[in-house]
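Okay, so here's the structure we're looking at.
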């Protein structure tokens, strides 16, 4: 309903504002726009040391997704949309990341997460392990562990945090702290009997990474034992399939560790609990807001579940108390889920919410001491098709100059957003006239039938601001990303006594 109303308003505003865009017919407008951009461009390279590093990862946020979300955000604001800029569009330095991994042309979120967090490319499905390890083979992980920039930052005395809109044990957040021969070993029930000598990802987070200051996301079921009464159960979720079979309550174990450490801590499971957390008196925060993944932004109950922007603000205010600085990893994880379902309304609204979180971080930090990097792990096979007129609803039908739907060779209209593969395949092709293609439930059409749409293998963008951000200009291997962060913040391979970091620049 909301998406349908949005489509109507966009069309209405386009016609109302058509005269407003007449200034774009003047050559002087475009020259002045370029002059302003040139004036705003940095004239000196932003060198120096990054006291803080904030790493934003838009899961599945390829270049077409950024473009479409930018247009959607502009149209939501009542404008044509194409001229809009997302928060990270305004960052001064951009580059491209090459996303292939050791054994696949198109990567998954586990192998890519290992690359952009540890500086080491690896095989599909592996977390925190080099390519020496074999998927589903626990014994192969010996001598294959690789540590992430989060661990490097902890070793340097910095505070750290991990935030996500997925399960906190999912592939992307899991790559920041775990070592697993399979990304799906999120809980003890997921590990095959022959591989039980390996620890599940949830267990590793609590027992081996309890020095992470801020942990927020979903996936509460993986931390609680079978039969435990969840504080906020989802009636549609079968917790018995995911609760721990070993009888351990990892939330209680985390609380016991904090108490033994005499630490100032809070465990929360909903937004009211998060709102009550005082950043000035809290040094450790565990927030598990849903039993599985958090809800899509369009489905989120704002009274119960925090937004990514709200989690970002709370995390920064906790971490910034450390005089040595901090490393914060933030994932907009459900962009990817929306694409796999071929539901562009979900994917794009998730991207807009992700950009809002980046805007919060930009507002709360000083660019002279905080390096902010935004990128994606991989793309998706979504495209923007046709020659739609300016201001045409990005979630609507592609149109012609007379604002009538463009007809394909089969005589049927088609949407601007299409997928190369996925669940939206129909033969013969579905007639979309009269269908609300902006609705969150709408599944966009695809050329190849698959139950789940796939990742795309092309390069993805890197957007950066702050100390040493210029080093991201150009085309880079994905594993280059954390090496620049380490150089800028003097951690990991650039810690004292190792390679010289940014503070030794002349």
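Keep in mind that glycine also has a Cβ here, set from the backbone N, Cα and C atoms.
Just so you know, TrEMBL annotations are computer predictions that nobody has curated.
According to TrEMBL, the feature active site, phosphoserine intermediate maps to 109. Annotation comment: TrEMBL describes 59, 336, 340, 377, 378, 455 as Zn(2+) binding site. The Mg(2+) binding site annotation in TrEMBL covers 59, 170, 172, 331. Here TrEMBL flags 1-18 as signal peptide.
Counting neighbouring Cβ atoms within 10 Å of each of the binding-site residues (170, 340, 378, 455), the lowest count belongs to 340. Residue 340 (Zn(2+) binding site) and residue 172 (Mg(2+) binding site) are 16 Å apart (CA-CA, integer value).
Across the fold, the C-alpha of residue 377 (Zn(2+) binding site) and the C-alpha of residue 331 (Mg(2+) binding site) stand 10 Å from each other. For residue 331 (Mg(2+) binding site), applying a Cβ distance below 8 Å and a minimum sequence separation of six or more within one chain yields 56, 57, 58, 59, 163, 164, 165, 166, 172, 173. Taking a C-beta cut-off of under 8 angstroms and a sequence separation of 6 or more, residue 109 (active site, phosphoserine intermediate) has the following same-chain neighbours: 59, 170, 171, 172, 175, 183, 336, 377, 378. Apart from 59, 170, 172, 331, the residues listed for Mg(2+), the same chain places the Cβ atoms of 57, 109, 113, 164, 165, 166, 171, 173, 332, 333, 336, 377 within 8 Å of the centroid of those Cβ atoms.
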